[in-house]
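Participant: Sharing the feature lines straight out of TrEMBL:
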{"type": "ACT_SITE", "residues": "CYS215", "note": "active site, nucleophile"}
{"type": "BINDING", "residues": "CYS106, CYS107, CYS189, CYS192", "note": "[4Fe-4S] cluster binding site"}
{"type": "DOMAIN", "residues": "23-195", "note": "domain 'Phosphoadenosine phosphosulphate reductase'"}
Amino acid sequence: MLNGFRDYFDVIKWAYEQYQDDEIVYACSFGAEGIVLIDLISKVKKDAKIKFLDTGLHFKETYELIEKIKKRYPRMQIEMVQPNISLSEQAKWYGEELWKVNPNLCCYIRKVVPLKEALNGAKAWFSGLRREQSLSRSKTEYINKDEKFKQIKICPLIHWKWDDILTYIELNHLPYNPLHDKGYLSIGCAPCTLPVSEGDDTRAGRWAGQNKTECGLHQG
C-alpha cells in the first residue's frame, strides 16, 4: 500500500503505524499548511516530533507563532534546528548577505545541511507540500522516494487547495502567521520573501526576481 490511500488522514495514520516514534519526523516551516498538518497529526500522535529549520533569518511573526503552537500542543516535541555556523561566521567566510549573492548556497548552509542532520536516523518525514503551490510540486504524491535525503517523504496535503487550508484554520480556530493576511502566501526567511499579487502561484514571493522557487529541500 503506497499511494492508494482514501484521504489525507488515512496517510497520517498509515505513517505512524508503519514507522516507530524515532523513525519519523515532521519538518515544519510553520506556514499555513504546516499549522493544518500539525493539528491533523496531533489527532493521531500527540507527541509527534517536529523539526523547525531555524535559519536565524525568519520573520518575528514566525517565531511568535511557534510559541503559540507550543502552548496549544504542549506534548508536541518541537525542536529548533539551527545551522552549524552563525550568520556572522557565514558573513565572514562568504560575504555579507549571502542570500542576495548566492541564495542557493545560503539555503544549502542554513536549510539543506541542517535538515540532513535532523533526519539522521529517521526513515521518513512529513512535509506540507501541495500540488497547487507551484509547477515543481504539481506531481507530488502522498508517498515519495526522496533521493536527496534517502528517505520516504510523506505529503498528506497534496490535494488541498489554498482555500481548504484557510477554511480549516478558521473552522478549528488555529493560530496562524498574520503575514498571510498581508499577501504573504508562502513564508520563508524574511530577506527572501515578498507578498504576492492576486493570481500568482503561492510561491511567487519566494526569491522574487531570481531564477529560484525552491530552497533545495524538495528537489532531487
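If you go along the chain as it appears here, the first residue is 1 and each next one adds 1.
A Cβ is built for glycine as well, from the same backbone N, Cα and C atoms used for every other residue.
Give me the structural setting of these features: burial, nearby parts and distances.
Facilitator: CYS106 ([4Fe-4S] cluster binding site) counts 24 other C-beta atoms within 10 Å of its own C-beta, drawing on all protein chains shown. DSSP assigns CYS106 ([4Fe-4S] cluster binding site) to a helical segment in the three-state reduction.
Across the domain 'Phosphoadenosine phosphosulphate reductase' (23-195), the prediction's mean pLDDT works out to 94.
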Participant: Applying a 10 Å Cβ distance cut-off over all chains shown, what neighbour count does CYS189 ([4Fe-4S] cluster binding site) have?
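Facilitator: Other Cβ atoms within 10 Å of CYS189 ([4Fe-4S] cluster binding site): 22.
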Participant: Most Cβ neighbours within 10 Å: which of the binding-site residues CYS107, CYS192 is it?
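Facilitator: Answer returned by the neighbour count: CYS107.
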